[in-house]
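As given in Swiss-Prot:
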type	residues	note
COMPBIAS	262-275	compositional bias 'Polar residues'
REGION	255-279	region 'Disordered'
REPEAT	86-119	repeat 'PFTA 1'
REPEAT	121-154	repeat 'PFTA 2'
REPEAT	180-213	repeat 'PFTA 3'
REPEAT	219-252	repeat 'PFTA 4'
REPEAT	290-323	repeat 'PFTA 5'
């Protein structure tokens, strides 16, 4: 259909207003999308709002996108003046349709800096843009800028430090932002396979908003277990778990624990106790065992997926490095045998009975009953974990090759064995 320039302007202005009104009517919109519709069949708005879903009929995009794009460029070139409210509406519409338009994000940065927008509102727009374009690099880059600004806003000043209520509110604000960011990353990863941008952003969030937070690291390792089990070819998801294991190993290292002991919380309490040391020695062997067991289950259930073998290789290498550093850390001090040492040496023992293993466990740790944590107790209820080792990995490979009918699975198993012999076996 042929429209005059004036008619197009009126149409587009109405559509922009309809989008703005849709967000006012329902501030809980959580997804946007295009509705395939080659031409306008009815005399009605092309903006469709159903529950928390916002749809835009595709016929209007060819008019809408060039209009808002040109409007914003004219503003940046100082050829046309737009008030702040109009800028918010135009940039919102433009970024929902094309989130990789850097100029629009830069305009919103200026609006944030002058106080027209708040960080949470801008993060919400980015979340909606990612529901349609989950890999948009400009959106992820902008989110990091906004999160850094949010952190600065929540950093307590001298006066706020005296106001415990205000300090607590800012802390809760950051905590909500952290939880929301993890949800956004998970949703984007589910919408686009091997979404490197989403997983990289998730790592950035951990490094900048949850640095040294063991609870967040443990929760992330637990929450992504099911996800990777359902996406066995997603390299980025498994790489994220590798990052979590490395971060946990670093935070639970003796050097890190020493730093933790000397640090204090704002309330003056130490962040770690002596009982934590005993517990931390057992955490990493258990986590490595669980990760290797996860790899075993997935490799046997989904043969022929190279991602799983690559992940197993990386996890075993991390375990090998951690074990070597742990042994070197003991040095010549000849420390007393601990539960961890039993776990490390279990692979060298014959197949003793479960009751015998549990008796050894009780003897070794009988003097530490008062310092058990809940995780330690859970670990003690079963037999000692068989930790991954060079012999156990060769046994696993032999079992795979013996019963394997998938040529790709055999090729990956043989390659893994060569890697073990050439890298670990040296």
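Numbering starts at 1 and runs along the chain as it is shown here.
Cβ coordinates come from backbone N, Cα and C, glycine included.
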Tertiary contacts of the repeat 'PFTA 4' (219-252) (same chain, 6+ residues out, Cβ under 8 Å): 182, 186, 189-190, 193-196, 198-200, 202-203, 206, 212, 280, 283-284, 287-288, 291, 294, 298, 302, 305, 307-308, 310-311, 314-315, 318, 322
Folded-back contacts onto the repeat 'PFTA 1' (86-119), same chain, C-beta under 8 angstroms, at least six residues removed: 15-17, 19-20, 23, 32, 56, 61, 64-65, 68-69, 71-73, 75-76, 125-126, 128-130, 132-133, 136-139, 141-142, 145-147, 149-150, 153, 177
Secondary structure content, the repeat 'PFTA 1' (86-119) (per DSSP, counts of residues): 25 helix, 0 strand, 9 coil
Tally of DSSP helical, extended and coil residues in the repeat 'PFTA 3' (180-213): 26 helix, 0 strand, 8 coil
Composition by DSSP (helix, strand, coil) of residues within the repeat 'PFTA 2' (121-154): 30 helix, 0 strand, 4 coil
Overall pLDDT for the repeat 'PFTA 3' (180-213), taken as the rounded mean: 96
